[in-house]
Amino acid sequence: MAPSKQYSEGGQLQLMDAERIEEEEECFESIDKLISQGINSGDVKKLQDAGIYTCNGLMMHTKKSLTGIKGLSEAKVDKICEAAEKLLSQGFITGSDLLIKRKSVVRITTGSQALDKLLGGGIETLCITEAFGEFRSGKTQLAHTLCVSAQLPIHMHGGNGKVAYIDTEGTFRPERIVPIAERFGMDANAVLDNIIYARAYTYEHQYNLLLGLAAKMAEEPFRLLIVDSVIALFRVDFSGRGELAERQQKLAQMLSRLTKIAEEFNVAVYITNQVIADPGGGMFITDLKKPAGGHVLAHAATIRLMLRKGKGEQRVCKIFDAPNLPEGEAVFQVTSGGIMDAKD
């Protein structure tokens, strides 16, 4: 594994020491460890070619999907799964053990103390955080700020890792990263080097990018995956009620993949979503809009944030749904340096 980059408080890049690298690697079991359990190296290579690079990721696949990999028979798949189970603990654990496991969650600062407080410390790893709202509500601006803050050291409320950005609308601007990096006292070129970017043009392309991402995350310490926006290409590639069922099925597969990436590699997944008209919202509701994606997206996102425009450059974030956060709102501001606390 190549040495990874880390920032000091002054923004200078440092090489992570061996102990820190070892901690990163302990987040998951490499698929190569199956060889020590008697699995043929050729079969391990077939798994890697199919986008499976960790034992954790392997156990997130059904045996039906694994037997679909060329060269893997049902008997081989059974043997591979048995070997993976020996390396992992996939059964029941106590609530106390789960609480200890939850201590591995990293919370990445949004750049605004008020917004961080609302979110319980920032954007969480191990889950999907969805932000939805109209255009200019701050969704993409928050994404740009997170690209930088995710690379801050842990003690500075960052994620100390790299960022993967999948852009479906062509709104990512590398020049926007420069002033945000300068605000945090970081080297802009180094920050940009730690962001891998891909422009997706179809929903299939978007899904294939996620499959290829596993190889990179298995080799280097990533802490954040951004998809901006998760629904745009599905709304283009599937039209009309006749294709709605297929669209939702494909969307569910995409979201399942995002969930697995979050849990497999301990990364935060931040997705943006569009809004649509809600004709059944009621006569007393003035803003008849709801997030796109229906129940499929609603159930997949762990934390749902509703963003709306405020006064001037101010934006308002409301907790729309979260398992561990109370309802509430926070006001923040979009500046040249990214997301900050609102100024009166």
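The backbone N, Cα and C atoms fix where each Cβ goes, glycine too.
Record features (Swiss-Prot):
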- Gly133, Glu134, Phe135, Arg136, Ser137, Gly138, Lys139, Thr140: ATP binding site (BINDING)
- Arg235, Arg241, Arg247: dsDNA binding site (BINDING)
- Arg235, Phe238, Arg241, Arg247, Arg315: ssDNA binding site (BINDING)
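Applying an 8 A CB threshold to same-chain residues 6+ apart, the list for Ser137 (ATP binding site) reads Leu307, Arg308, Lys309, Arg315.
The Cβ neighbour count for Phe238 (ssDNA binding site), using a 10 Å radius over every protein chain in view, is 17. For the binding-site residues Arg136, Arg235, Arg315, the greatest number of Cβ atoms within 10 Å around a candidate Cβ is found at Arg315.
Distance from the CA of Arg247 (dsDNA binding site) to the CA of Gly133 (ATP binding site) is 21 Å.
Around the Cβ of Lys139 (ATP binding site), a 10 Å sphere holds 24 further Cβ atoms from the protein chains shown.
In the three-state DSSP assignment, the secondary structure recorded for Lys139 (ATP binding site) is helix. Residues listed for dsDNA, Arg235, Arg241, Arg247, cover a largest CA to CA span of 11 Å. Sitting within 8 Å of the Cβ centre of Arg235, Arg241, Arg247, and not among those site residues for dsDNA, are the Cβ atoms of Phe234, Phe238, Ser239, Gly240, Glu243, Leu244, Gln248. Taking Cα separation as the measure, Arg241 (dsDNA binding site) is nearest to Phe135 of the binding-site residues Phe135, Arg136, Gly138, Lys139, Thr140. The residues near the ATP site, meaning same-chain residues not in Gly133, Glu134, Phe135, Arg136, Ser137, Gly138, Lys139, Thr140 whose C-beta sits within 8 angstroms of the mean position of the site's C-beta atoms, are Gln141, Leu307, Lys309, Arg315, in sequence order. Ranking the binding-site residues Arg235, Phe238, Arg247 by Cα distance from Thr140 (ATP binding site) puts Arg235 first.
Around the Cβ of Arg241 (dsDNA binding site), the number of neighbouring Cβ atoms within 10 Å comes to 6. Each of the binding-site residues Glu134, Phe135, Gly138, Thr140, Arg247 was ranked by the number of other C-beta atoms within 10 Å, and first place falls to Gly138.
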